[in-house]
Amino acid sequence: MVLFPHAKINIGLYITKKRKDGFHDLETCFFPVPWTDVLEITPSEGEFTFSSSGLDIAGVIEDNLCYKAYELLRKDHQMPPVHIHLHKIIPMGAGLGGGSSDAAFTLMGLRDLFQLPLTNEDLQPYAAKLGSDCAFFLSNQAAFGKGKGDKLSSIEASLKGKFLVLLYPAVGISTAEAYAGVTPAKAPVDLRKAILKADWKEAISNDFEKSIFPHYPVLASLKEEMYTLGASYAAMSGSGSTIFGIFDKKIDPPARWADYTVWSGWVEKD
Ligand SMILES: C[C@@](CO)(OP(=O)(O)O)[C@H](O)COP(=O)(O)OP(=O)(O)OC[C@H]1O[C@@H](n2ccc(N)nc2=O)[C@H](O)[C@@H]1O
Ligand SMILES: Nc1ncnc2c1ncn2[C@@H]1O[C@H](COP(=O)(O)OP(=O)(O)O)[C@@H](O)[C@H]1O
């Protein structure tokens, strides 16, 4: 079975509270982006095995979220061993949620491969244990997230018909460190309402930009460059360092971005 775990971007991100469990409460809108890894799951003999190609993934196999997803599901459901091959394309530590997406798609892939009687909703508690962002990837649809990012509700907003440009400038930012740099505060807007209006540029922001941009001024200038190129909205995704721009027409990435990882494409589905 071959699956295509996709990336996400956050449009609006407000960190509202430090929780007793050390995590933070946030308010954000997640949007799926069709930049994908390739994940193959096949039944195997003997024991669980894992291989990867494409971008190097740090750590041992036991650290990999695909392995963790398999182990977590296996505790409650009888499953034979599998071989997982992950072709890693989505940059890591980039604010694109690629690892969480791999984990969520592993859960759904195992469920489908072994016909486990589980709905996507039944998979939510497993996803929440694997990562705060993980539950979002169980449905390929824009969602408002609160709590740790795992309390989701659907939103009517969509990027369908927009041309998206994602620029990863190879600045690796640890999510935990990014959270540590933010002072939580009440969200300045009701994001669920603001996302339905047209003035995103004036109304919607990402709290991480305030603490991250002073350390990496290149990120602030890349965001400005997106606007110069005609973006209707530009921002950093999640804890960074990916900067994205939303356009009404196709643009060609400028030659000066040759050192960066760039993905661009039309969004074709809601
Ligand atoms: C910031 C966001 C925004 O969508 O995305 P990324 O930029 O990582 O893609 C997410 O909240 C990232 O979610 P995820 O990447 O799943 O984080 P986790 O693995 O659960 O947690 C990594 C670390 O981030 C911090 N963390 C994460 C989520 C949260 N609500 N509060 C936190 O304080 C904790 O220090 C935790 O140990
Ligand atoms: N299957 C996986 N793919 C990517 N990263 C993984 C995976 N499993 C574990 N990780 C770890 O998770 C970290 C965060 O990766 P990722 O979710 O892609 O980024 P982000 O949190 O910025 O959205 C990586 O640095 C990596 O060490």
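From the backbone N, Cα and C atoms, a Cβ is placed for every residue, glycine too.
Straight from TrEMBL, the features:
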- K8: active site (ACT_SITE)
- D133: active site (ACT_SITE)
- P91, M92, G93, A94, G95, L96, G97, G98, G99, S100, S101: ATP binding site (BINDING)
- 64-138: domain 'GHMP kinase N-terminal' (DOMAIN)
- 193-250: domain 'GHMP kinase C-terminal' (DOMAIN)
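Features per TrEMBL, on structure.
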residue : record           : DSSP (3 states)
K8      : active site      : strand
P91     : ATP binding site : coil
G97     : ATP binding site : coil
D133    : active site      : coil
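A straight line from the CA of S101 (ATP binding site) to the CA of D133 (active site) spans 8 Å. Within the model, the domain 'GHMP kinase C-terminal' (193-250) carries an average pLDDT of 96. Proximity of the binding-site residues P91, G95, G99 to ligand 1, judged by a Cβ distance under 6 angstroms to any of its atoms, singles out G95 in sequence order. Cβ-based neighbour count (10 Å, all protein chains) for G99 (ATP binding site) stands at 24.
Across the fold, the C-alpha of P91 (ATP binding site) and the C-alpha of K8 (active site) stand 12 Å from each other. Here the binding-site residues are G93, G97, and the one ringed by the most other CB atoms within 10 angstroms is G97. There are 28 other Cβ atoms within 10 Å of the Cβ belonging to K8 (active site). Note on the domain 'GHMP kinase C-terminal' (193-250): DSSP counts are 24 helix, 10 strand, 24 coil. Taking the C-alpha positions, the distance from G99 (ATP binding site) to K8 (active site) comes to 11 Å.
Residue environment of P91 (ATP binding site) contains 22 other Cβ atoms, counted within 10 Å of its Cβ in all protein chains.
Residues A7, I90 surround the recorded ATP site, their Cβ atoms falling within 8 Å of the Cβ centroid of P91, M92, G93, A94, G95, L96, G97, G98, G99, S100, S101, which are themselves excluded. Cα spacing between G93 (ATP binding site) and K8 (active site): 13 Å, rounded to the nearest whole number.
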